[in-house]
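In what follows, a single structure is set out as structure tokens and then discussed.
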Amino acid sequence: MPKKMGTNTKAEAARERRSAAEAERQEREAREKEDQLWRDAEGPKSRAARRREGDTEKRAEAASRRAENRRLAELEQQELDRAARRPDPKASRVSLLRRREEERLRLEREAEAAKKRRSRTADEEEYERVVLVSNTNRDDSVIEAHTVEDAIAGMALAEPPLPPDRHPERRLKASFKAFEEAELPKLKEEKPGLTLNQYKDMVWKLWKKSPDNPLNQVVE
């Protein structure tokens with residue numbers, strides 16, 4: 001009767017390992033083949049689409065970075081604005097003192113201008129009073145006249161009569177004209193602000209009492 005042989009465990013284990021490795025290899029090759037089939041089925045167009053998708057993702061990332069940069073810049077600007085609005089005690093005090101000084105100078109200028117206006121108005125009123133109000137204490141020996149023509153007529157009535165003069169009107173007008181040209185600039189400088197008629201009235205008042213007036217040279 002033949003001898004029964006026992007099972008070789010090491011050989012069995014080796015066969016199992018080889019079988020497992022072979023199965024794993026076959027499965028890997030099957031996956032790679034399937035993936036290659038899918039890649040071949042997608043073709044060049046799908047690769048272009050993937051490239052476009054990649055570009056889109058890059059643009060989206062860039063836009064997101066720009067938006068974040070803008071947000072950070074806005075936050076920084078807001079912080080700067082808040083810092084600028086915070087009053088500096090020293091600067092505020094200097095600004096307040098400067099505004100007070102400017103206001104004081106403005107008030108002084110306005111007060112000085114008002115004082116000059118009041119003084120000018122008072123002077124004008126006084127000038128008008130002097131010019132327009134009759135002098136109740138006038139010398140009766142002086143011939144009263146309001147124009148050169150009136151003065152010439154008064155000369156004809158004066159007693160004693162003037163020495164014979166072939167052209168008394170011309171002489172009187174020439175004398176008055178010379179007197180007016182000399183006195184008018186002085187009055188304008190001494191008493192500014194009046195009208196020309198007022199100045200001429202004042203010149204006439206001075207002329208009536210002036211020794212240059214031929215009427216005041218009548219021999220008594």
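Just so it is clear, glycine is given a Cβ too, placed from its N, Cα and C backbone atoms.
So that you can see what the record holds, here are the features copied from TrEMBL:
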- 1-10: compositional bias 'Polar residues' (COMPBIAS)
- 1-127: region 'Disordered' (REGION)
- 12-91: compositional bias 'Basic and acidic residues' (COMPBIAS)
- 98-114: compositional bias 'Basic and acidic residues' (COMPBIAS)
- 136-217: domain 'Coiled-coil' (DOMAIN)
Task: Residues of the compositional bias 'Basic and acidic residues' (98-114) by DSSP state, where helix covers H, G and I - done: 17 helix, 0 strand, 0 coil
Open item on the list: Give me the DSSP three-state residue breakdown of the compositional bias 'Basic and acidic residues' (12-91), ordered helix, strand, coil.
Closed with: 77 helix, 0 strand, 3 coil
